[in-house]
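One structure is given here, and the rest of the page talks about it.
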Amino acid sequence: MSTRWRYYNSKRGNGFRGRGRGRGRGTSLTAVALPRDDNFHKGAQDGAYFKDMPMDPEQFRDETVLSLSFAQGMLGAAYYEQSSQLLKIMNDISEDLEFRFLKRLIDDVKPTLIIANRSQDLEFIKFLTTRYDPQEKIYEDGTTEEGTSEDTVPTWDSSLAYSTDETTAEKEEKEEDEDDDDEGLPAKLNKLPNNFFRMSRAIERLKAMAGSHDSSMTEEDKYIIIKMRFDIEAVNMIRSFGALLLFLDETRMGVTDDPLSVTSPIKSIKTFTLGNLVEIDFNTIQALDILPKETENKKTFGQGRSLYQLMDKCRSTVGKKCLRKWFRNPTTDRDDLVSRQKCVHYFKQDWNAEVTAKLSSILGRVKALNSVFQKFQSGTAQLIHWECFVSTVNALVEILNIIRQTPISKEFPVESDLLREVSEIAVIAGSIINFAESKIQGRVTVMNGIDEELDEIRDTYENMPMVLTAIAKQEEARLGLPPYSNVACVYIPLVGFVLSVPRDYGVESQPDMTLLYSTHEDLRVRNATTSRLDDEFGDILMRLIDSQTAIILTLKTRVMKKKRSIIKLLSIASRIDVLISFGLIAAQNGWNCPALVDEPVIEAVELYHPISVLVVKKSFVPNQVSSGRDGIKASIITGPNACGKSVYMKSIGIMVFLSHIGSFVPARHAKIGIVDRIVTRMFTVDSVLDGMSTFAKDVEQVALALRKATGNSLVIIDEFGKGTMTEVGLSLLASVMTYWMNRGADRCPHIFLSSHFHALPNYIPLETNIATFLTFTVLREAGGKIKYLFRMTPGLVDCSFALSVAKEEGIPPPVIGRACRIYKALKAGTLLKEIKAEVSNDNEKQLVEDMDVVLADEDGFMAAVESFVKRKKTSFCESSMRNVSEEIEKERSEASTPASKSRSTITARSNSVLSSRSMASVDQLSVLDALLPKKKKKKVTGSSMESSMSPDPFQEEDEGTEGEEDQISAPVSRPTLPSVQKYASEEEKQQSINSRHSFSTRTAIHIPTPIQMGEAGGVKRPRSTSTSSPGPSASKSVRTEVFKKTPNVKESQVLETPKQLSISSFLEPKFPSSEKDVISRVSERYLQSDPFKTPISDRRSQQSSRHSTPKNRSMNQSLIQSARDTPHETIRSSNEVNPEFFNIFNFPDDSILKSQDTYDPNVTPRSSSRRELRPDVSHSQNSQFGEVFSELGTQFSIFNSQQSFPGNSMGTTNPDCSIFDDFFANSQDGEKKIDSTKTSMPIVNSDNFIFKTPEPRSSEKQRSLLKNKGQASNSSISPSSLILGQLAFGDVDQTPRPRGDNPIEFQYDVVDDDDPIFEEKNCSAPVFEFLKSNDDEEDDEFLKSFLETEGSLHIDTSADETIDRSKRS
């Protein structure tokens, strides 16, 4: 190979190695010794240079090139095997300056060639050079023995930077390492320039490789492929990977005979993990909150805390570094993990607290010595470095002496000789350096008694002041100067001895005196005396410093010889610090030791999240975990939103991680098999710079799990597939699970999957007996509020309670109501595109103007009726009572006026039913109220008002007014069916703006009296206060006839019911066609419809009476009078009218237009998620009184939602209304609080009439009734019913439960061994039993037929296959 390559370059005229960029120019590999460069040892003589010479088989070998990159304490690598043409990469791992993992990596790979960046850490280069390239020397000026290097960064010189003793020791260690290696040639080191390892160049090379098979790919596409296939966060791995590819391109390894366009063959790229390490990527670290974020504030106050911050109780710097290293590199070495667990157990015990506290105190004095050793090496160590060294070494010795006396001494093996040597170094350093004097002198000084010569010099220097004073006196006398003339002999370092004389002294007169310099006070001169002192003492201070420096250098040399021993003790101390931290955390939080086993199982009892338990405001609920037992390794978790699925799965991941770093786990008991990697799809790191969508990142993480997960891996997936279409997400998730489950229990990883795709069990192979289903228990409190218990239980649910979560988070009720209706439509099988849209109040004006067309279009009218029946709103408009007092007086005066004036007033009222203010409270409007148009106020005469009236389809035609009726019914031709639907839905947006204690004029019930029998019927008040007018007129002849048939009724009594709307009191618009046609159309439409209904009662309305004042009560009495005499009630109060007359439309039993003539005190009407309210219609108990009030029992009325309103058992024709006197008398007290569960109204029976509020099913009476009727059973939670129970209520506490049930949790039957589902699929799903009723058989048939049908990809919200299993068995 090398022959062809050299031959090619020589023919080009390039004398340098490698492919040149032109004649006479080399490449960046000029200074690199390429492999087998000795093939041309014979040179070019005899033409051998240009001939193909056979290679010596002994010299030939396949190359294994290892590329290394080390920076910021992280090591990345990649290597290429020429024999197999495989390229393998290793993600970044944490590495210290001992390079233990680097040694293990080289031993495992056994490379023949190592390439490294010569500009990286000097310790890294030194480690490689001393072992794999000891001959080559790189000097500090950037030159080598072969010439000048292209790299201008100063690099390390092993011969100059270290002492001879240390170099010899390293050479000996290298020889020992070589002896341990297998047979074969040693690896050769090539130091490449820094541009080979640049990140940008590596990315470009990877892009070129990714787009080699498709030239049409853009740069963005190539980058996305790289992002999805490689971990870009592993910077050192990417750098080494790119450098390796560039090196292969430069050397053309394996393709020397091919054209230049051919690159080195790479069959596959794989990721490898260093032995005994658990692979964990960056996304998993972030998802499980293992390490803190780089930008995270230190003061988190419990929010955003990481596991590392929780576990960091280390007292030393080396301990913190060791803890981070363990977190970066969890191990699979079971012996090492068991050893750590023993130490943690020892430090956790209370009886070892004294030893633990002592060790922690000493560890606080241990410092990192890497920088200290560098200062020692460069000779720039100062006093602070020596203090740090001596303090640390003494602390290390003390710690090891304590550990050797404990039962865990075997876990920290230290040779006695090594400990003795380090102890000697500490003693020697402490006894040589005088730290007290050094602080005064500002330099390192040596103690007395270390060196005799040094002691003599020090004594001489200390006695020098007395000597110089005596000499100064002698010179003063010799020079003839007067006493006290300031003559002095001075010693100046580096200058010597000088004589100081007064300035007026004549230096020129003395021939042996030389002037050196002068000051403003004296002259400094030299003479024979100073020269004699220089000869005798010399520069004594410098001699003293030099002597001390020589001793310190000797001490430094001896310390550096013991550097490795000291570093080893530092490593032991760091491990002790981390294990003490683990023990303190375990004792503080009550963690326990996990049992490490070889079998692939993950089991735990009372497991909880260690971080969430610290920040949660209430007690945390632990759960159990089981995976791998009996071959079940896939746990599919479903349940409501915000029930704790993600926290549960994170707890599992953290438990497994903690067990692989030797820590205790937050569980009572745990059994964990060793895992080789932890892969998650929980956390998505979004960035606008990477060009990838959120779903693409999710797919990237799942793809990583599919590529790397083995039978001993842990895979955690949280709601994968939610970032795209439901069908596509479900398909991908089902395919991923099928892929793993088909591999079998041995090769399938431990999978913990949470999803809201409730149809997932239908698309995975349950027959493999690998999957199990889990869910969380919830309670339904009063008012339909969901209470999460966060308790795991086996089972599978088909609802997520997303609407409840949305309500709790403040989503407006109209939005939730619309979502609930869409959900019910989808659950009923309606396609999403078939669900009609709804509009807001923005186009209300236009819709009101078009309402006349509705009554002309019968189909549109029927569709509007259906839309109204499905509405579930119960709020009231407080503003409707502002002008009610004036309207009442006006209506009373109009009651005795001629019929023509009454009709005109009623006509004016009907035009203003849906005013702007009445639209703010459209809760429980009657069907025709919702359809009547809203007209602007106009000051017109009665005839003009009548001309604009819309037809009344239920109006009883009077012979005397027939002509007038025909005159005002002018149908409009253009259709407005879409507007009808929008208008009906638009009313529901105003459900929550009404006051809690508002009054409704529709809550009044008027009992006819003899006085009123001959008078005109009362009118029903509109909701609006802005436009108020009398109600619709009825046939005077019919009303008079009915009144005459009830002569025994006493004076009018006003009945005020709890605040509850009776929807049966409708206005009566006229149809543009005949009455029979209308009746047949309504009957046919309602017989075909089967709306989903949930009976709801407004408990707040039952307390409205206590807020009423005498004035309001009088107004309510008038309203009751006005709301009573509608044509429907008139028909029912007549003896001549057939009791079945009002039911002639044949509406469904739960329709609000059908009279409820049945009362069964033992049956509580209800609804489920799949069926409407179906009361048993029977006329055996019907009575005339029941006929009058039966229409009050609607789906929104208390008389039908919980308890039907009974008729008079005596069958009397004219009921005595005096029975209500006591009730109305009690309601006068405005401050009296009415309990919703106590008697607040009379209901008619054989003895007396008592109106009673509905009793919840939790009461003893209801329980006994259900028991007698055989209806007591478990209840399933209907999400739609649950949400509808809260839509219109501002106060949750006062909201009744939609179905009157006790707060329940999910109930599951015991698994039946004979059940074919469990026998074949082994899926532990829950059993939701519906409340038993006469319609259960119908529902069972529906469920069976639904489950037998072929599944589709649309949203599947049906119950799972195990529903009602007890009945089948």
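Even glycines carry a Cβ here, placed using N, Cα and C.
For 138-190, 880-915, 935-1135, 1153-1182, 1248-1278, the entry in Swiss-Prot reads region 'Disordered'. Per Swiss-Prot, compositional bias 'Acidic residues' is recorded for 173-184, 954-967. Marked as ATP binding site by Swiss-Prot: Gly639, Pro640, Asn641, Ala642, Cys643, Gly644, Lys645, Ser646. Summarising the annotation, Swiss-Prot assigns compositional bias 'Basic and acidic residues' to 884-894, 1073-1084, 1254-1263. Summarising the annotation, Swiss-Prot assigns compositional bias 'Polar residues' to 895-915, 941-950, 991-1003, 1049-1065, 1111-1124, 1153-1167. Under the heading compositional bias 'Low complexity', Swiss-Prot lists 1024-1037.
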Site with most surrounding Cβ atoms, counting all protein chains shown within 10 Å, from the binding-site residues Gly639, Pro640: Gly639
DSSP three-state assignment for Lys645 (ATP binding site): helix
Residue with minimal Cβ packing [other Cβ atoms within 10 Å] among the binding-site residues Gly644, Ser646: Ser646
Remaining residues near the recorded ATP site, that is with C-beta within 8 Å of the centroid of the site residues Gly639, Pro640, Asn641, Ala642, Cys643, Gly644, Lys645, Ser646: Ser754, Phe776, Tyr788
In three-state DSSP terms, the structure that Pro640 (ATP binding site) belongs to: coil
Local Cβ density at Lys645 (ATP binding site) - other Cβ atoms counted within 10 Å: 25
Fewest Cβ neighbours within 10 Å, where candidates are the binding-site residues Ala642, Cys643: Ala642
Cβ neighbour count within 10 Å of Asn641 (ATP binding site): 17
